[in-house]
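**Student:** Sharing a structure with you now.
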Amino acid sequence: MQVPRVKLLMGSGAMFVFAIIYGWVIFPKILKFMISKQVTLKPGSDVRELWSNTPFPLHFYIYVFNVTNPDEVSEGAKPRLQEVGPFVFDEWKDKYDLEDDVVEDTVSFTMRNTFIFNPKESLPLTGEEEIILPHPIMLPGGISVQREKAAMMELVSKGLSIVFPNAKAFLKAKFMDLFFRGINVDCSSEEFSAKALCTVFYTGEVKQAKQVNQTHFLFSFMGQANHSDSGRFTVCRGVKNNKKLGKVVKFADEPEQDIWPDGECNNFVGTDSTVFAPGLKKEDGLWAFTPDLCRSLGAYYQHKSSYHGMPSMRYTLDLGDIRADEKLHCFCEDPEDLDTCPPKGTMNLAACVGGPLMASMPHFYLGDPKLVADVDGLNPNEKDHAVYIDFELMSGTPFQAAKRLQFNLDMESVEGIEPMKNLPKLILPMFWVEEGVQLNKTYTNLVKYTLFLGLKINSVLRWSLITFSLVGLMFSAYLFYHKSDSLDINSILKDNNKVDDVASTKEPMPPANPKQSSTVHPVQLPNTLIPGTNPATNPATHLKMEHRERY
(Lines of atoms letter the chains of each structure in order from A and count residues from 1; the text may use other names and numbers.)
(Lines give C-alpha, C1' and ligand atoms only; values in the text may rest on other atoms or scores of the structure.)
Protein backbone atom coordinates (compact mmCIF):
# COMPACT_ATOMS: atom_id res chain seq x y z
CA MET A 1 0.00 0.00 0.00
CA GLN A 2 1.52 3.28 -1.15
CA VAL A 3 0.91 6.36 1.05
CA PRO A 4 1.77 9.54 -0.92
CA ARG A 5 3.82 11.97 1.14
CA VAL A 6 1.53 14.92 0.31
CA LYS A 7 -1.58 13.06 1.48
CA LEU A 8 0.23 11.88 4.61
CA LEU A 9 1.29 15.46 5.36
CA MET A 10 -2.18 16.89 4.78
CA GLY A 11 -3.93 14.13 6.74
CA SER A 12 -1.60 14.44 9.71
CA GLY A 13 -1.90 18.22 9.71
CA ALA A 14 -5.68 18.05 9.52
CA MET A 15 -5.74 15.57 12.41
CA PHE A 16 -3.54 17.86 14.50
CA VAL A 17 -5.73 20.91 13.84
CA PHE A 18 -8.91 18.90 14.56
CA ALA A 19 -7.49 17.67 17.87
CA ILE A 20 -6.68 21.22 18.93
CA ILE A 21 -10.00 22.75 17.87
CA TYR A 22 -12.21 19.91 19.10
CA GLY A 23 -10.34 19.21 22.33
CA TRP A 24 -9.92 22.79 23.52
CA VAL A 25 -12.74 24.69 21.78
CA ILE A 26 -15.66 22.60 20.53
CA PHE A 27 -15.93 20.01 23.31
CA PRO A 28 -15.82 22.55 26.19
CA LYS A 29 -18.54 24.61 24.47
CA ILE A 30 -20.70 21.51 23.99
CA LEU A 31 -20.19 20.51 27.62
CA LYS A 32 -21.00 24.00 28.91
CA PHE A 33 -24.12 24.10 26.75
CA MET A 34 -25.33 20.75 28.10
CA ILE A 35 -24.68 21.86 31.70
CA SER A 36 -26.47 25.18 31.15
CA LYS A 37 -29.57 23.32 29.96
CA GLN A 38 -29.57 20.93 32.91
CA VAL A 39 -28.61 23.28 35.76
CA THR A 40 -31.72 25.48 36.06
CA LEU A 41 -34.51 25.98 38.58
CA LYS A 42 -37.16 25.04 36.06
CA PRO A 43 -40.03 23.08 37.67
CA GLY A 44 -39.53 19.33 37.34
CA SER A 45 -35.74 19.47 36.97
CA ASP A 46 -33.45 17.50 39.28
CA VAL A 47 -31.67 20.67 40.35
CA ARG A 48 -35.00 22.28 41.32
CA GLU A 49 -35.86 19.30 43.53
CA LEU A 50 -32.48 19.28 45.29
CA TRP A 51 -32.58 23.06 45.69
CA SER A 52 -36.08 23.27 47.15
CA ASN A 53 -35.72 20.32 49.55
CA THR A 54 -32.14 19.57 50.51
CA PRO A 55 -32.09 15.76 50.97
CA PHE A 56 -29.39 15.83 53.65
CA PRO A 57 -28.76 18.01 56.72
CA LEU A 58 -26.03 20.57 57.07
CA HIS A 59 -23.96 20.48 60.23
CA PHE A 60 -24.48 23.42 62.56
CA TYR A 61 -22.04 23.97 65.43
CA ILE A 62 -22.48 26.46 68.28
CA TYR A 63 -19.54 27.55 70.45
CA VAL A 64 -20.33 29.68 73.52
CA PHE A 65 -17.97 31.98 75.44
CA ASN A 66 -18.51 31.36 79.13
CA VAL A 67 -17.50 34.39 81.25
CA THR A 68 -15.56 32.96 84.20
CA ASN A 69 -15.23 36.24 86.17
CA PRO A 70 -18.64 37.95 85.79
CA ASP A 71 -18.56 39.87 89.10
CA GLU A 72 -15.12 41.30 88.34
CA VAL A 73 -16.18 42.35 84.83
CA SER A 74 -19.21 44.10 86.34
CA GLU A 75 -16.71 46.25 88.24
CA GLY A 76 -14.66 47.04 85.14
CA ALA A 77 -12.16 44.15 85.01
CA LYS A 78 -10.89 42.41 81.87
CA PRO A 79 -13.19 39.51 80.88
CA ARG A 80 -11.84 35.96 81.04
CA LEU A 81 -13.53 33.70 78.52
CA GLN A 82 -13.84 29.93 78.29
CA GLU A 83 -15.00 28.49 74.97
CA VAL A 84 -17.60 25.74 75.42
CA GLY A 85 -18.61 23.63 72.43
CA PRO A 86 -19.39 22.51 69.93
CA PHE A 87 -23.07 21.91 70.55
CA VAL A 88 -23.94 20.06 67.34
CA PHE A 89 -27.22 20.34 65.45
CA ASP A 90 -28.51 18.89 62.19
CA GLU A 91 -29.77 21.78 60.08
CA TRP A 92 -32.42 20.98 57.50
CA LYS A 93 -33.17 23.55 54.81
CA ASP A 94 -36.32 23.67 52.73
CA LYS A 95 -38.24 26.20 50.66
CA TYR A 96 -42.03 26.40 50.56
CA ASP A 97 -44.78 28.47 48.91
CA LEU A 98 -42.89 28.44 45.61
CA GLU A 99 -44.30 30.75 42.91
CA ASP A 100 -42.86 30.85 39.39
CA ASP A 101 -42.92 33.87 37.09
CA VAL A 102 -42.24 32.55 33.60
CA VAL A 103 -42.08 36.00 32.01
CA GLU A 104 -39.49 37.35 34.49
CA ASP A 105 -37.85 33.91 34.75
CA THR A 106 -37.94 34.06 38.57
CA VAL A 107 -39.19 31.93 41.43
CA SER A 108 -40.31 33.26 44.83
CA PHE A 109 -40.13 31.17 47.99
CA THR A 110 -39.97 31.30 51.76
CA MET A 111 -36.83 29.92 53.38
CA ARG A 112 -37.11 27.69 56.43
CA ASN A 113 -34.32 26.33 58.63
CA THR A 114 -34.91 23.53 61.12
CA PHE A 115 -32.37 22.72 63.84
CA ILE A 116 -32.38 19.31 65.54
CA PHE A 117 -29.99 18.67 68.41
CA ASN A 118 -27.55 15.83 67.73
CA PRO A 119 -26.66 14.37 71.16
CA LYS A 120 -24.25 11.78 69.76
CA GLU A 121 -22.10 14.30 67.90
CA SER A 122 -22.26 16.76 70.82
CA LEU A 123 -20.80 14.37 73.40
CA PRO A 124 -19.61 14.92 76.06
CA LEU A 125 -21.86 17.99 76.04
CA THR A 126 -25.59 17.49 76.63
CA GLY A 127 -27.01 20.99 76.21
CA GLU A 128 -27.85 21.20 79.91
CA GLU A 129 -24.54 22.84 80.82
CA GLU A 130 -24.84 26.17 82.64
CA ILE A 131 -23.31 29.10 80.80
CA ILE A 132 -22.61 32.64 82.01
CA LEU A 133 -23.27 35.28 79.36
CA PRO A 134 -24.11 39.00 79.31
CA HIS A 135 -27.78 39.36 80.21
CA PRO A 136 -29.38 39.04 76.74
CA ILE A 137 -32.18 41.54 77.47
CA MET A 138 -30.88 43.91 80.12
CA LEU A 139 -27.51 44.77 78.55
CA PRO A 140 -28.58 45.23 74.91
CA GLY A 141 -31.74 47.05 76.03
CA GLY A 142 -29.97 49.39 78.44
CA ILE A 143 -27.18 50.25 75.97
CA SER A 144 -29.69 50.92 73.15
CA VAL A 145 -31.77 53.24 75.33
CA GLN A 146 -28.67 55.16 76.44
CA ARG A 147 -27.58 55.67 72.81
CA GLU A 148 -30.93 56.40 71.21
CA LYS A 149 -33.52 57.34 73.87
CA ALA A 150 -31.61 58.64 76.86
CA ALA A 151 -34.66 60.58 78.11
CA MET A 152 -36.41 57.28 78.84
CA MET A 153 -33.56 55.83 80.90
CA GLU A 154 -35.21 56.27 84.31
CA LEU A 155 -38.43 54.61 83.16
CA VAL A 156 -36.59 51.71 81.53
CA SER A 157 -34.35 51.19 84.55
CA LYS A 158 -37.34 50.91 86.86
CA GLY A 159 -39.14 48.57 84.47
CA LEU A 160 -36.11 46.25 84.23
CA SER A 161 -35.89 46.00 88.02
CA ILE A 162 -39.53 44.83 88.12
CA VAL A 163 -39.53 42.42 85.17
CA PHE A 164 -36.11 41.00 86.13
CA PRO A 165 -35.88 41.37 89.93
CA ASN A 166 -32.39 41.05 91.44
CA ALA A 167 -30.89 40.64 87.97
CA LYS A 168 -27.16 41.10 87.43
CA ALA A 169 -25.25 42.20 84.37
CA PHE A 170 -24.40 38.57 83.61
CA LEU A 171 -26.94 35.75 83.47
CA LYS A 172 -26.29 32.13 84.39
CA ALA A 173 -28.54 29.71 82.49
CA LYS A 174 -28.55 26.36 80.70
CA PHE A 175 -27.38 26.35 77.10
CA MET A 176 -30.66 25.00 75.68
CA ASP A 177 -32.65 27.61 77.64
CA LEU A 178 -30.52 30.45 76.31
CA PHE A 179 -30.57 29.30 72.70
CA PHE A 180 -33.81 27.37 72.10
CA ARG A 181 -36.18 26.74 75.02
CA GLY A 182 -36.09 30.32 76.28
CA ILE A 183 -35.67 32.23 79.55
CA ASN A 184 -38.76 33.56 81.31
CA VAL A 185 -39.91 37.17 80.86
CA ASP A 186 -42.64 38.08 83.39
CA CYS A 187 -44.88 40.89 82.17
CA SER A 188 -47.63 40.37 84.77
CA SER A 189 -46.86 43.51 86.79
CA GLU A 190 -49.37 46.35 86.72
CA GLU A 191 -46.66 48.96 87.26
CA PHE A 192 -46.56 51.53 84.45
CA SER A 193 -42.81 51.21 83.94
CA ALA A 194 -43.07 47.41 83.62
CA LYS A 195 -45.97 47.69 81.17
CA ALA A 196 -44.06 50.26 79.13
CA LEU A 197 -41.04 47.95 78.97
CA CYS A 198 -43.17 44.95 78.00
CA THR A 199 -44.75 46.87 75.13
CA VAL A 200 -41.82 45.94 72.88
CA PHE A 201 -42.58 42.26 73.56
CA TYR A 202 -46.30 42.54 72.85
CA THR A 203 -45.73 44.46 69.59
CA GLY A 204 -43.24 41.88 68.31
CA GLU A 205 -40.26 44.23 68.23
CA VAL A 206 -38.25 41.65 70.17
CA LYS A 207 -38.14 38.99 67.45
CA GLN A 208 -36.37 36.47 69.69
CA ALA A 209 -39.30 36.35 72.14
CA LYS A 210 -42.23 33.93 71.99
CA GLN A 211 -45.47 34.69 73.80
CA VAL A 212 -46.56 31.83 76.07
CA ASN A 213 -49.71 33.38 77.57
CA GLN A 214 -51.19 36.79 78.32
CA THR A 215 -48.40 37.80 80.70
CA HIS A 216 -45.33 35.66 79.96
CA PHE A 217 -42.79 35.38 77.16
CA LEU A 218 -39.83 33.10 76.48
CA PHE A 219 -36.69 34.73 75.09
CA SER A 220 -33.97 32.73 73.27
CA PHE A 221 -31.30 33.47 70.70
CA MET A 222 -32.52 30.94 68.11
CA GLY A 223 -35.79 29.42 69.31
CA GLN A 224 -37.98 31.68 67.21
CA ALA A 225 -35.86 31.06 64.11
CA ASN A 226 -36.21 27.28 64.42
CA HIS A 227 -38.62 25.77 61.86
CA SER A 228 -40.08 29.15 61.03
CA ASP A 229 -40.14 31.72 58.25
CA SER A 230 -36.67 33.19 57.75
CA GLY A 231 -37.43 35.46 54.81
CA ARG A 232 -39.17 35.63 51.45
CA PHE A 233 -36.79 35.49 48.48
CA THR A 234 -37.25 36.04 44.75
CA VAL A 235 -34.41 34.64 42.63
CA CYS A 236 -33.66 34.03 38.95
CA ARG A 237 -34.39 30.53 37.64
CA GLY A 238 -31.60 30.61 35.04
CA VAL A 239 -33.77 29.24 32.21
CA LYS A 240 -33.39 32.26 29.91
CA ASN A 241 -29.97 33.32 31.16
CA ASN A 242 -28.00 30.63 32.96
CA LYS A 243 -25.46 33.16 34.25
CA LYS A 244 -28.18 34.66 36.48
CA LEU A 245 -29.10 31.35 38.12
CA GLY A 246 -30.00 31.90 41.79
CA LYS A 247 -29.41 35.67 41.68
CA VAL A 248 -31.46 37.42 44.38
CA VAL A 249 -33.90 39.86 42.79
CA LYS A 250 -36.02 40.63 45.86
CA PHE A 251 -36.02 39.98 49.59
CA ALA A 252 -39.14 40.54 51.69
CA ASP A 253 -40.79 41.57 48.40
CA GLU A 254 -38.45 44.55 48.09
CA PRO A 255 -35.93 45.06 45.22
CA GLU A 256 -33.42 46.55 47.66
CA GLN A 257 -32.96 47.13 51.37
CA ASP A 258 -33.61 50.36 53.24
CA ILE A 259 -31.21 49.84 56.14
CA TRP A 260 -27.84 51.40 55.36
CA PRO A 261 -27.12 55.10 54.73
CA ASP A 262 -25.90 54.55 51.16
CA GLY A 263 -27.92 52.85 48.44
CA GLU A 264 -25.06 50.67 47.16
CA CYS A 265 -24.82 48.77 50.45
CA ASN A 266 -28.57 48.14 50.23
CA ASN A 267 -28.26 46.27 46.91
CA PHE A 268 -28.62 42.51 46.64
CA VAL A 269 -25.51 40.92 45.16
CA GLY A 270 -25.22 37.20 44.48
CA THR A 271 -27.48 34.26 45.29
CA ASP A 272 -29.28 32.97 48.39
CA SER A 273 -26.13 30.82 49.06
CA THR A 274 -27.90 27.53 48.26
CA VAL A 275 -27.24 27.56 44.49
CA PHE A 276 -24.65 29.09 42.16
CA ALA A 277 -24.48 29.52 38.40
CA PRO A 278 -22.25 27.11 36.43
CA GLY A 279 -19.32 28.29 34.35
CA LEU A 280 -18.17 31.03 36.72
CA LYS A 281 -14.66 32.44 36.42
CA LYS A 282 -12.47 32.15 39.49
CA GLU A 283 -11.88 35.92 39.60
CA ASP A 284 -15.66 36.55 39.74
CA GLY A 285 -15.83 35.35 43.34
CA LEU A 286 -18.81 33.71 45.03
CA TRP A 287 -21.38 36.25 46.21
CA ALA A 288 -24.41 35.61 48.41
CA PHE A 289 -26.91 37.71 50.33
CA THR A 290 -26.96 37.01 54.08
CA PRO A 291 -30.19 38.16 55.81
CA ASP A 292 -28.64 37.77 59.28
CA LEU A 293 -26.21 40.56 58.39
CA CYS A 294 -28.49 42.50 56.02
CA ARG A 295 -25.55 42.40 53.63
CA SER A 296 -24.11 40.59 50.62
CA LEU A 297 -20.73 38.96 51.13
CA GLY A 298 -18.25 37.84 48.47
CA ALA A 299 -15.80 34.97 48.78
CA TYR A 300 -12.59 35.37 46.81
CA TYR A 301 -10.32 32.75 45.20
CA GLN A 302 -7.49 31.54 47.44
CA HIS A 303 -5.84 28.50 45.83
CA LYS A 304 -6.49 25.23 44.00
CA SER A 305 -7.82 22.30 46.02
CA SER A 306 -9.34 18.85 45.54
CA TYR A 307 -12.22 16.87 47.00
CA HIS A 308 -12.57 13.09 46.69
CA GLY A 309 -9.98 13.17 43.91
CA MET A 310 -11.76 15.89 41.91
CA PRO A 311 -10.12 19.27 41.28
CA SER A 312 -11.79 22.31 42.84
CA MET A 313 -11.11 25.92 43.81
CA ARG A 314 -10.72 27.06 47.43
CA TYR A 315 -12.52 30.32 48.24
CA THR A 316 -12.51 32.28 51.48
CA LEU A 317 -13.98 35.52 52.83
CA ASP A 318 -13.81 37.96 55.71
CA LEU A 319 -15.64 41.11 56.78
CA GLY A 320 -12.81 43.35 55.60
CA ASP A 321 -11.75 46.72 56.95
CA ILE A 322 -14.76 49.02 56.62
CA ARG A 323 -12.81 52.10 57.64
CA ALA A 324 -10.02 51.52 55.07
CA ASP A 325 -12.19 50.40 52.13
CA GLU A 326 -14.07 53.30 50.57
CA LYS A 327 -16.60 50.93 49.01
CA LEU A 328 -17.60 49.78 52.51
CA HIS A 329 -18.03 53.22 54.09
CA CYS A 330 -21.79 52.88 53.67
CA PHE A 331 -21.69 50.35 56.54
CA CYS A 332 -20.50 53.10 58.90
CA GLU A 333 -23.09 54.93 61.00
CA ASP A 334 -22.08 58.09 59.15
CA PRO A 335 -20.22 57.46 55.86
CA GLU A 336 -18.76 60.98 56.07
CA ASP A 337 -17.31 60.39 59.55
CA LEU A 338 -14.85 57.48 59.59
CA ASP A 339 -14.78 57.55 63.39
CA THR A 340 -18.22 55.94 63.28
CA CYS A 341 -16.86 52.93 61.37
CA PRO A 342 -16.42 49.66 63.28
CA PRO A 343 -12.93 48.22 63.93
CA LYS A 344 -11.18 46.10 61.30
CA GLY A 345 -12.73 42.65 60.95
CA THR A 346 -16.09 43.62 62.49
CA MET A 347 -19.47 44.86 61.34
CA ASN A 348 -22.00 46.89 63.32
CA LEU A 349 -25.38 45.11 63.23
CA ALA A 350 -27.34 47.77 65.12
CA ALA A 351 -29.13 48.96 61.98
CA CYS A 352 -29.88 45.38 60.97
CA VAL A 353 -31.05 43.76 64.23
CA GLY A 354 -31.93 46.80 66.33
CA GLY A 355 -29.41 46.19 69.11
CA PRO A 356 -25.74 46.81 69.99
CA LEU A 357 -24.44 43.67 68.32
CA MET A 358 -21.28 43.27 66.26
CA ALA A 359 -20.41 40.52 63.79
CA SER A 360 -16.89 39.18 63.25
CA MET A 361 -14.94 36.10 62.35
CA PRO A 362 -14.58 33.62 65.27
CA HIS A 363 -12.03 34.73 67.89
CA PHE A 364 -11.71 38.00 65.90
CA TYR A 365 -9.70 36.18 63.23
CA LEU A 366 -8.24 38.73 60.76
CA GLY A 367 -9.56 41.52 63.00
CA ASP A 368 -7.95 44.40 64.85
CA PRO A 369 -5.40 42.93 67.34
CA LYS A 370 -6.82 45.18 70.07
CA LEU A 371 -10.06 43.18 69.98
CA VAL A 372 -8.17 40.04 70.98
CA ALA A 373 -6.10 41.88 73.59
CA ASP A 374 -9.19 43.31 75.34
CA VAL A 375 -10.24 39.86 76.61
CA ASP A 376 -8.50 36.69 77.77
CA GLY A 377 -9.13 33.27 76.24
CA LEU A 378 -9.05 33.88 72.47
CA ASN A 379 -6.77 32.10 70.01
CA PRO A 380 -7.58 33.10 66.41
CA ASN A 381 -6.24 30.80 63.68
CA GLU A 382 -7.03 29.99 60.06
CA LYS A 383 -7.72 26.27 60.50
CA ASP A 384 -10.49 26.66 63.07
CA HIS A 385 -11.88 30.11 62.33
CA ALA A 386 -11.59 30.94 58.61
CA VAL A 387 -14.47 30.65 56.17
CA TYR A 388 -13.81 28.34 53.22
CA ILE A 389 -15.61 26.88 50.20
CA ASP A 390 -14.25 24.16 47.89
CA PHE A 391 -16.06 24.94 44.65
CA GLU A 392 -16.22 23.32 41.20
CA LEU A 393 -16.59 26.14 38.68
CA MET A 394 -17.86 24.38 35.56
CA SER A 395 -20.88 22.74 37.24
CA GLY A 396 -21.33 25.36 39.96
CA THR A 397 -21.09 22.75 42.71
CA PRO A 398 -19.84 23.50 46.25
CA PHE A 399 -18.15 20.25 47.36
CA GLN A 400 -17.60 21.34 50.94
CA ALA A 401 -17.95 24.57 52.87
CA ALA A 402 -17.77 26.05 56.35
CA LYS A 403 -19.47 29.40 56.99
CA ARG A 404 -18.36 30.77 60.35
CA LEU A 405 -19.58 33.88 62.13
CA GLN A 406 -19.23 35.30 65.64
CA PHE A 407 -21.73 37.52 67.45
CA ASN A 408 -20.44 40.06 69.96
CA LEU A 409 -21.91 42.61 72.33
CA ASP A 410 -20.77 46.21 71.84
CA MET A 411 -20.57 46.73 75.59
CA GLU A 412 -20.31 49.94 77.58
CA SER A 413 -21.28 51.22 81.01
CA VAL A 414 -24.79 52.59 81.60
CA GLU A 415 -25.01 55.03 84.50
CA GLY A 416 -28.77 54.84 84.80
CA ILE A 417 -28.90 51.07 85.42
CA GLU A 418 -27.23 49.96 88.64
CA PRO A 419 -25.83 46.55 87.53
CA MET A 420 -24.33 48.14 84.40
CA LYS A 421 -22.75 51.35 85.66
CA ASN A 422 -19.19 50.00 85.96
CA LEU A 423 -18.98 47.79 82.87
CA PRO A 424 -15.83 48.22 80.72
CA LYS A 425 -16.15 49.53 77.18
CA LEU A 426 -15.17 46.77 74.75
CA ILE A 427 -16.51 44.34 72.18
CA LEU A 428 -17.35 41.18 74.14
CA PRO A 429 -17.62 37.83 72.27
CA MET A 430 -20.78 35.89 73.16
CA PHE A 431 -20.89 32.91 70.77
CA TRP A 432 -19.95 31.81 67.29
CA VAL A 433 -21.54 29.39 64.85
CA GLU A 434 -20.39 27.21 61.98
CA GLU A 435 -22.72 26.13 59.20
CA GLY A 436 -21.13 23.58 56.92
CA VAL A 437 -21.61 20.83 54.40
CA GLN A 438 -19.51 18.01 52.94
CA LEU A 439 -21.05 16.25 49.97
CA ASN A 440 -20.90 12.46 50.19
CA LYS A 441 -20.02 10.20 47.27
CA THR A 442 -23.67 9.78 46.28
CA TYR A 443 -23.72 13.39 45.11
CA THR A 444 -20.08 13.88 44.15
CA ASN A 445 -20.33 10.84 41.86
CA LEU A 446 -23.02 12.68 39.89
CA VAL A 447 -20.43 15.31 39.07
CA LYS A 448 -17.61 12.81 38.71
CA TYR A 449 -19.31 10.55 36.15
CA THR A 450 -21.19 13.21 34.21
CA LEU A 451 -18.57 15.95 34.11
CA PHE A 452 -15.11 14.66 34.94
CA LEU A 453 -15.51 11.36 33.06
CA GLY A 454 -16.37 13.34 29.92
CA LEU A 455 -13.40 15.62 30.50
CA LYS A 456 -11.10 12.61 30.93
CA ILE A 457 -12.36 10.94 27.74
CA ASN A 458 -11.88 14.22 25.87
CA SER A 459 -8.35 14.52 27.26
CA VAL A 460 -7.40 10.99 26.19
CA LEU A 461 -8.94 11.47 22.75
CA ARG A 462 -7.30 14.80 21.98
CA TRP A 463 -3.83 13.75 23.14
CA SER A 464 -4.10 10.46 21.20
CA LEU A 465 -5.00 12.35 18.04
CA ILE A 466 -2.16 14.81 18.61
CA THR A 467 0.30 11.92 19.10
CA PHE A 468 -0.79 10.14 15.91
CA SER A 469 -0.72 13.38 13.93
CA LEU A 470 2.80 14.20 15.12
CA VAL A 471 3.99 10.72 14.11
CA GLY A 472 2.45 11.25 10.67
CA LEU A 473 4.11 14.64 10.34
CA MET A 474 7.50 13.15 11.20
CA PHE A 475 7.10 10.45 8.52
CA SER A 476 6.09 13.15 6.04
CA ALA A 477 9.20 15.15 6.88
CA TYR A 478 11.31 12.01 6.42
CA LEU A 479 9.86 11.40 2.95
CA PHE A 480 10.38 15.00 1.86
CA TYR A 481 13.94 14.91 3.16
CA HIS A 482 14.77 11.78 1.14
CA LYS A 483 12.79 13.05 -1.88
CA SER A 484 10.63 9.95 -1.88
CA ASP A 485 7.21 10.33 -3.44
CA SER A 486 5.46 7.92 -1.09
CA LEU A 487 5.77 5.71 1.90
CA ASP A 488 5.56 2.02 0.77
CA ILE A 489 4.11 0.38 3.83
CA ASN A 490 3.89 -3.09 2.18
CA SER A 491 7.57 -2.92 1.16
CA ILE A 492 8.61 -1.98 4.68
CA LEU A 493 6.61 -4.85 6.13
CA LYS A 494 8.02 -7.27 3.47
CA ASP A 495 11.63 -6.26 4.21
CA ASN A 496 11.07 -6.70 7.89
CA ASN A 497 9.66 -10.18 7.27
CA LYS A 498 12.70 -11.11 5.11
CA VAL A 499 15.08 -10.11 7.85
CA ASP A 500 13.16 -12.23 10.31
CA ASP A 501 13.16 -15.24 7.88
CA VAL A 502 16.90 -15.01 7.22
CA ALA A 503 17.66 -14.80 10.91
CA SER A 504 15.62 -17.92 11.62
CA THR A 505 16.88 -20.14 8.66
CA LYS A 506 20.68 -19.55 8.61
CA GLU A 507 22.76 -22.75 9.15
CA PRO A 508 26.10 -22.98 11.04
CA MET A 509 29.24 -22.07 8.99
CA PRO A 510 31.23 -25.09 7.57
CA PRO A 511 34.89 -25.47 8.56
CA ALA A 512 37.58 -23.71 6.48
CA ASN A 513 39.37 -25.59 3.63
CA PRO A 514 42.73 -26.79 5.00
CA LYS A 515 44.38 -26.90 1.56
CA GLN A 516 45.85 -23.59 0.63
CA SER A 517 48.18 -22.70 -2.30
CA SER A 518 50.17 -20.53 -0.01
CA THR A 519 52.42 -21.30 2.86
CA VAL A 520 50.74 -18.53 4.73
CA HIS A 521 48.19 -20.07 7.08
CA PRO A 522 44.83 -18.32 7.17
CA VAL A 523 43.38 -17.20 10.47
CA GLN A 524 40.97 -19.76 11.94
CA LEU A 525 37.39 -18.41 11.81
CA PRO A 526 34.89 -19.13 14.56
CA ASN A 527 31.74 -21.08 13.84
CA THR A 528 29.47 -18.11 14.44
CA LEU A 529 27.50 -16.52 11.65
CA ILE A 530 29.00 -13.12 10.91
CA PRO A 531 27.79 -11.41 7.73
CA GLY A 532 30.48 -11.42 5.02
CA THR A 533 32.70 -14.10 6.66
CA ASN A 534 30.98 -17.26 5.52
CA PRO A 535 33.56 -19.28 3.51
CA ALA A 536 30.91 -20.44 1.12
CA THR A 537 30.02 -16.93 0.15
CA ASN A 538 33.12 -14.86 0.85
CA PRO A 539 35.18 -14.46 -2.42
CA ALA A 540 38.36 -13.87 -0.45
CA THR A 541 38.58 -17.56 0.45
CA HIS A 542 39.02 -18.54 -3.29
CA LEU A 543 42.01 -16.30 -3.98
CA LYS A 544 45.45 -17.94 -4.35
CA MET A 545 48.36 -16.44 -2.49
CA GLU A 546 51.42 -15.91 -4.75
CA HIS A 547 54.91 -16.38 -3.28
CA ARG A 548 57.39 -13.64 -4.17
CA GLU A 549 61.10 -13.76 -3.50
CA ARG A 550 62.77 -10.94 -1.68
CA TYR A 551 65.48 -8.89 -3.35
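Quick reminder: no glycine exception, Cβ is built from N, Cα and C everywhere.
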**Student:** When you check Swiss-Prot, which of CYS198, CYS236, CYS352 turns out to share a disulphide bond with CYS294?
**Tutor:** CYS352
**Student:** Could you tell me which of CYS330, CYS341 is bonded to CYS332 by a disulfide, according to Swiss-Prot?
**Tutor:** CYS341
**Student:** As a test of the contact definition, list every same-chain residue at least 6 positions from ASN226 (N-linked glycosylation site) whose Cβ is closer than 8 Å to its Cβ.
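**Tutor:** In sequence order, ASN113, THR114, PHE115, PHE180 meet the Cβ cut-off.
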**Student:** Please state whether DSSP places ASN66 (N-linked glycosylation site) in a helix, a strand or coil.
**Tutor:** strand
**Student:** Of the recorded positions ASN66, CYS265, CYS330, CYS332, ASN440, which one has its Cα closest to the Cα of CYS294 (disulfide bond)?
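**Tutor:** Checked the recorded positions ASN66, CYS265, CYS330, CYS332, ASN440; minimum Cα distance to CYS294 (disulfide bond) goes to CYS265.
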**Student:** Validating a neighbour-count step here. Other CB atoms within 10 A of the CB of CYS265 (disulfide bond): how many?
**Tutor:** 22
**Student:** Near the Cβ of ASN440 (N-linked glycosylation site), how many other Cβ atoms are there if near means within 10 Å?
**Tutor:** 10
**Student:** Helix, strand or coil by DSSP: which one applies to ASN226 (N-linked glycosylation site)?
**Tutor:** coil
